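Before any comments, here is the structure.
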Amino acid sequence: MTVPCIPRGPVMADIAAFRLTEEEKQRLLDPAVGGVILFRRNFQNIAQLKELTAEIKALRTPELIIAVDHEGGRVQRFIEGFTRLPAMNVLGQIWDKDGASAAETAARQIGWVLATELSACGIDLSFTPVLDLDWGNCAVIGNRSFHRNPEAVARLALALQKGLEKGGMKSCGKHFPGHGFVEGDSHLVLPEDGRSLSELEAADLAPFRIMSREGMAAVMPAHVVYPQVDTKPAGFSEIWLKQILRRDIGFKGVIFSDDLTMEGACGAGGIKERARISFEAGCDIVLVCNRPDLVDELRDDFRIPDNPALAQRWQYMANTLGSAAAQAVIQTADFQAAQAFVAGLASPQDTAGGVKVGEAF
């Protein structure tokens, strides 16, 4: 069978279960679509996951990019057969107790294990690290954050990024310019952060600035309003994305929207309007999760935005290790020692409980 050549479009969609339905295959063949995000509902075991990713990648060329939220703690979509990853605040605790060097070493090991295990299963990208500061206000962020100190967050995220790269994956910092100060969960409401730009610059923006300088591949903006800067949520704001992130910070990588079905995005109108505003604000790729009907509505008479960099940016997010090479790494003694080390961080301080993030129920 001839595999159709279809350039990757600017929409990342999802699927319902363990295998593709015929309807989903047709949806993923649409030129509007360029990637697939997987969730816990798509995982039964490692063998099934490998079959699913191979099925997705066999649909078209260039292959669809496959992503997942696999941060550690309560945001780890695949459990059985994978190393249990600690929540990132465990690294902050190591930073405070044992010093920066010990915490950075642990972060590199976590990134390596995280990325290599996913790479072996045909996954291109995990949406990590979380660069939000832990102000103690936001339950949906909470222990997903490394620390409250911007320097600690930046250094631990950079160490994690080095581990991810060793395992074949790029990094995606989120949620620009910072979701940690607000109380609301943008999956459920549209939060507001009333601080000034200078206050944000002094704290929350620092990790994004440092990581941009150090090769962070992608950014995901927050569905949060910062009214002293713009009345629009950051993901819909040209001020935040084109002026502050691109021009002032100098970020040159990929901008993924957060899920456009989240409540924090719904005030912008229907799905076509949300996507249009996201693209105009500066997003390269939009996520539409848990609502295949909205993906279909969006792709109906869809006009692909003029973005000459899109193909290159998509390709930049593709896995660089490959499943066979990753599987070979997993068999080595060094990697198995890293797995044991990482599992040891998670076991006594397991933080999988708490607010659930981004799953459909």
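Even glycines carry a Cβ here, placed using N, Cα and C.
When ASP69, ASP193 are compared with the substrate site residues ARG77, ARG144, LYS174, HIS175 in Swiss-Prot, the one appearing in that site is ASP69. The 10 Å shell around the Cβ of ASP69 (substrate binding site) contains 21 further Cβ atoms across the protein chains shown.
Candidate binding-site residues: ARG77, LYS174, HIS175. Fewest other C-beta atoms within 10 angstroms, ARG77. Summarising the substrate site geometry, the residues cited as binding it (ASP69, ARG77, ARG144, LYS174, HIS175) extend over a maximum Cα to Cα distance of 19 Å. Among the binding-site residues ASP69, ARG77, ARG144, LYS174, the ones whose Cα sits within 10 Å of the Cα of ASP258 (active site, nucleophile) are LYS174. According to DSSP, ARG144 (substrate binding site) is assigned to a helical segment.
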